[in-house]
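Here is the structure we will look at, set down as structure tokens.
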Amino acid sequence: MLRLRSFSVASPVAQLLRAMSTTSATVSESSSTYIHRVKVLNLPTHENSAIKKFLSSYGVERFKKAPKWRYAFINFETEEGAREMMKKLEGVDFKKKTLVTEYSAVNKEQFRERFQNKQKEKIEEAENDTRTHAERLADQVTPLHRIPYHEQLTKKHKTGIAHLNKFKRRMTQLQDLNDASKAQIAWAFEKNGLPFEVLDPIASPEINGYRTKCEFTIGRSPEGDPTVGFLLGLYRHGITSVLSPDDCLHVPDISKRIANAMQDYVRESEYPVYDRVDKAGVWRSMMVKAQKTGDVLILVQLKASDLTEEQLVKEKAKLIEYWKNQNKNKINVTTLLLQIWDGDSNGITEKGHTETLIGDGYVYEEILGCRFRLSSSAFFQVNTPATELLYTKCAEWCNIDKNRKTTLLDLCCGTGTIGITMAGTVDRVIGIEMISDAIVDAKANAEMNNIGNVQYHASKVEERIDVVTNEKNEEVVAVLDPPRNGVHSTVIRAVRESPQIRKVIFISCDANQAMQNFIRPTSNRFKGMPFRPSRAVSIDLFPHTEHCELLIEFVRIEEEEEKEVTQQE
Ligand SMILES: C[S@@+](CC[C@H](N)C(=O)[O-])C[C@H]1O[C@@H](n2cnc3c(N)ncnc32)[C@H](O)[C@@H]1O
């Protein structure tokens, strides 16, 4: 039988204090003065569960690593312990990178003090914060909402240019450049800004309510009421209050109505909402995909370990009935999914067991006259009209010559959108994507759009490099659309080492690492002639947020071009 819990209402400051008391307990008590730290470098960003498993195989049960860090800290009571671990980890290959370790001894008192000071700063910040909860949430999820849209666009444009300038500068600062290498990156030595065109930024046709996909947390409001919305503050700071998305500019009305309807449901429910700190309760989170076609997919996630089989069956029937009767709130659910997830990690996860309760399990969207089926887990751009502008520009820059046999490599193809919208202009499309469900969608999408000249591979691009290097059509154009945390350097190397690829259209939400590897001169590690950026444009898919897509056209440096530059010098 399910145990109902009582809940106390905690202010953000009280929640911070709770986090502080639990976290500081993790610093081990010992009579020695120092904490002996091993810094492990060259780890991947994110991938925390793989890192945890890997380090645990070396006997490390505790380490400190933020998802965006490329390093982790492991603390030891003694220097010998630390040095022993360094011996074990130094030079080990993990995720195709060689680990490097560094040792440092940190004064225990100072370490503790530093940690506590940081926590105090956070508390003071929270205490002095005069913003309303709604304002804080708006600042968190749409940090640019206070400035007019045209200024947001200018800001993003400048950020794009700053990225490009940074890479230009970095090329000139590379060590040991000989004349031949310099000639390959002669564009980077040109004075006075960027020696290629950066177009005016392209605005999103819709500025508010553009997000077709929203993930909501089910938890408690600052007043303690069951609420469906966004988590206010950071979970790692111990703040776990949830606020309704009603005042969030980027959330469409339909998704706000759905969050409110789910909130009514959980408030009426005999089961409690999930508490992220106690790891108890039933209702955890929900995902909404509300497409421009009018299709609506809802995925409700619950923790079922405290429910009997009979209770679960009853709850499923109740959910079906509830969502089928939401027409009165102008909510027409075309697919309802239930995800059972009893694990500790928060958010919708592919590790959960997902069952379709209403509909066929998909939603459909239309882009540039093509129809696409999307499953709940597959990536799909969240701003449909702006995506049409992005894909149109991408196709324009691919500049397919109709008189030649061209292969389009759609690398990181998701549900196949880019390749399918361009399939009519090329001899064939090859799509590679690591999420196998997305490839199932991509194949169904090609069929639905009567497209026969596509071939898909469900794989990491770096593991199907042969597909890239073996492509020998007259012309090969690659579109590379990696996720925010980038793509493996072997992918870039494979593209570089395939001489028939003369052009790459790079769609980037974070141009950092990948770009450098495209443009750096030929070396033992990066074989093949480099590319040089030839034009770029920012396309805003995410108004009111810091994010923006940067479309970059890279063209291969021609041998003649390189010689000419050398002679001019
Ligand atoms: C930004 S999305 C782009 C998807 C698609 N081009 C679109 O516009 O809908 C990036 C995609 O890359 C996939 N991905 C990430 N790393 C990958 C890798 N190493 N190999 C293949 N696919 C990858 C993700 O699963 C995701 O579907």
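Backbone N, Cα and C define each Cβ position, glycine as well.
Automatic, uncurated: that is what TrEMBL annotation is.
Some features that TrEMBL has for this protein:
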ACT_SITE  C509  active site, nucleophile
BINDING   Q381, E433, D481  S-adenosyl-L-methionine binding site
DOMAIN    36-106  domain 'RRM'
Largest separation between Cα atoms (Å) of residues that the record links to S-adenosyl-L-methionine, namely Q381, E433, D481:
15
Tell me the coarse DSSP state (helix, strand, coil) of Q381 (S-adenosyl-L-methionine binding site).
coil
Have a look around E433 (S-adenosyl-L-methionine binding site) and count the other CB atoms within 10 A of its CB, chains all included.
26
Over the domain 'RRM' (36-106), work out the mean pLDDT and round it to an integer.
89
Output: those recorded positions from E433, D481, C509 whose CB lies less than 6 Å from an atom of ligand 1, in sequence order; none if no residue fits.
E433, D481
What other residues of the same chain, not counting Q381, E433, D481, have a CB atom within 8 A of the CB centroid of the S-adenosyl-L-methionine site?
F379, F380, C412, C413, G414, T415, T417, I418, I507
Near C509 (active site, nucleophile), which of the binding-site residues Q381, E433, D481 can be found within 10 Å, Cα to Cα?
D481
Cβ distance under 8 Å to D481 (S-adenosyl-L-methionine binding site), same chain, sequence separation 6 or more: which residues?
D410, L411, C412, C413, G414, I418, I507
In three-state DSSP terms, the structure that E433 (S-adenosyl-L-methionine binding site) belongs to:
strand
Near Q381 (S-adenosyl-L-methionine binding site), which residues of its own chain have a C-beta under 8 A away, given they sit six or more steps off in sequence?
T387, L390, T417, L541
How many other Cβ atoms sit within 10 Å of the Cβ of the residue listed as 'active site, nucleophile'?
16
